[in-house]
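Worksheet: the structure to be examined is printed underneath.
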Amino acid sequence: MASMGEQNGVVSTRPVMADNRNFADFEPAVKKPKRNKFAFACAILASLTSILLGYDIGVMSGAIIYIQEDLKINDVQKEILMGILNVYSLVGSCAAGRTSDWVGRRYTIVLAGAIFFLGALLMGFATSYAFLMVGRFVAGIGVGYALMIAPVYTAEVSPASSRGFLTSFPEVFINGGILLGYVSNYAFSKLPTDLGWRFMLGIGAIPSVLLAVGVLAMPESPRWLVMQGRLGEAKKVLDKTSESIEEAQLRLSEIKEAAGIPQECTDDVVKVQKRSHGEGVWKELFLYPTPAVRHVLICGIGIHFFQQASGIDAVVLYSPTIFEKAGITSSDGKLLATVAVGFVKTITILIATFLLDRIGRRPLLLGSIIGMVASLTTLGFSLTIIDHSHEKIPWAIGLCITMVLAYVALFSIGMGPITWVYSSEIFPLRLRAQGASMGVAVNRVTSGVISMTFISLYKAISIGGAFFLFAGIATVATLFFYMFYPETQGKTLEEMEGLFGKFIGWREEAKKLKMKKTMEVNGDGTSNGQIQLGNTTTK
């Protein structure tokens with residue numbers, strides 16, 4: 001008997017269905033879908049919140065030169081002022097998970113922008129060191145909110161095929177903000193000392209106003225809507241942000257399952273069991289975690305810790321100091337060199353966004369951290385040579401500048417964006433907001449410790465020794481990532497939990513999941529009869 005795939009004397013190698021579906025229905029599985037423009041626009045708007053942190057990091061690296069001169073502060077006050085915003089942001093990041101579960105992801109973004117707007121104005125009008133610290137406190141809360149909510153919202157609104165690309169946007173805007181901060185430093189450096197740094201800090205209020213206006217065009221997160229029982233609204237958002245209607249239906253089904261809503265519920269509004277916003281979640285995360293949740297938590301917190309412990313904020317915040325140690329003495333020269341750092345970071349992060357969904361998270365992460373170890377070691381070596389020399393050594397100065405640029409490039413191509421992508425996608429839906437906020441909290445504490453102690457650290461062990469220390473931490477991070485971090489590329493957010501739980505044994509689970517997907521695509525099983533794949537022959 002001729003096979004079902006034979007038609008008009010031609011034997012088909014494509015799957016032939018026993019039901020009424022035709023081959024066109026399965027084209028999305030064969031052709032790579034185009035990026036969803038609506039999801040792209042939503043990711044852009046949400047990620048604008050991250051520009052607030054980037055601008056503050058960039059602008060403070062140059063503004064502190066003039067603040068120290070104008071307010072007559074010492075080195076300890078200087079490093080506290082530089083890094084304290086990261087500690088203050090803990091308040092925002094810890095509150096953001098509960099707030100976003102309560103009022104929604106979208107209005108949490110509005111709140112982040114409003115708080116930072118107030119903080120920027122306070123810093124711009126500061127008349128003393130104490131007044132400036134109050135402004136840093138308020139701005140820090142806004143930054144904490146922004147850092148937590150942007151990647152969570154973007155991950156929840158993005159289709160799986162482009163989630164890495166879209167969820168890397170917060171890091172893109174952090175880098176864009178850093179570059180804007182560096183440019184602002186150079187632009188206002190010609191003003192009188194007491195006026196220049198105030199303009200540098202105060203102008204940061206402008207992005208937050210644009211953010212508040214832009215957020216009006218954004219939909220609410222479909223996952224948050226489902227958690228509220230608003231299935232009709234969630235379906236509309238998923239239809240707009242998915243690559244196809246079939247994918248939207250699949251995403252809705254998976255979210256309903258994760259939220260504990262029966263699949264047969266198709267009403268626009270359904271009653272869901274109301275949990276208190278956050279109660280029980282902390283117990284599940286820390287007191288009674290399943291093996292999978294424990295693995296996810298370690299990975300989510302670990303990647304945030306190592307991102308900052310490897311010294312990125314020391315390089316970005318204190319780049320004028322590093323260049324001064326390398327032999328660049330003029331203020332203009334140091335500021336222009338920092339602009340080069342911001343430019344390199346921004347270009348490489350843009351490249352990274354296109355690689356995340358092509359190469360995958362794990363190869364980029366491992367390649368990035370190995371390169372960071374090499375560049376930090378070489379930077380420590382060149383700074384040590386310069387530090388112990390009584391005359392200028394041009395090759396060592398050139399090597400130092402090159403390694404700073406190489407380090408920020410290698411960080412931005414992998415470690416920078418993947419931290420936010422990975423930590424926002426691995427937590428189960430019920431734990432996502434609080435889990436992500438914990439990651440951000442660890443990120444900010446580590447960043448605060450590094451930035452508030454860097455001057456004291458390099459005075460104690462030399463500036464070259466400080467970068468050898470960062471290289472050692474990055475080496476530990478390389479081993480940690482290699483052992484415990486599975487690839488998450490192309491997995492739906494609801495599939496993530498199956499990858500975690502065995503620590504070392506995650507590779508076997510990944511193989512099983514891949515085999516299962518292959519069997520489903522190849523029609524292993526029947527659908528109203530049978531699905532036949534591959535070459536068909538006539539017996």
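Cβ coordinates are placed from backbone N, Cα and C, and glycine is handled just like the others.
Features of the protein shown, as given by TrEMBL:
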type	residues	note
COILED	231-258	coiled coil
DOMAIN	42-489	domain 'Major facilitator superfamily (MFS) profile'
TRANSMEM	38-68	transmembrane segment
TRANSMEM	80-97	transmembrane segment
TRANSMEM	109-131	transmembrane segment
TRANSMEM	137-153	transmembrane segment
TRANSMEM	165-183	transmembrane segment
TRANSMEM	195-218	transmembrane segment
TRANSMEM	335-356	transmembrane segment
TRANSMEM	362-386	transmembrane segment
TRANSMEM	393-415	transmembrane segment
TRANSMEM	465-485	transmembrane segment
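Within the model, the domain 'Major facilitator superfamily (MFS) profile' (42-489) shows a mean pLDDT value of 86, rounded to a whole number. Within the same chain, residues 46, 49, 52, 71, 73, 77, 81, 92, 96, 99, 103, 137-143, 145-146, 149-150, 153, 198-199, 201-205, 208-209, 211-212, 215, 218 sit at least 6 positions outside the transmembrane segment (109-131) and bring their C-beta atoms closer than 8 Å to a C-beta of that stretch. Contact check: the transmembrane segment (393-415) against the transmembrane segment (195-218) gives fewer than three Cβ pairs closer than 8 Å, residues 6 or more apart, which falls short of the contact criterion. Among the recorded stretches 38-68, 137-153, 195-218, 335-356, the one sharing the largest number of Cβ pairs closer than 8 Å with the transmembrane segment (362-386) is 335-356.
Here the transmembrane segment (137-153) sits apart from the transmembrane segment (335-356); fewer than 3 CB pairs are under 8 Å, leaving out pairs fewer than 6 apart in sequence.
For the transmembrane segment (80-97), same-chain residues at least 6 beyond its ends with a Cβ under 8 Å from one of its own Cβ atoms are 53, 56, 60, 64, 67, 73, 108, 112, 115, 129, 132-133, 136-137, 139-149, 278, 313, 317-318, 433-438, 440-441, 444-445, 447-453.
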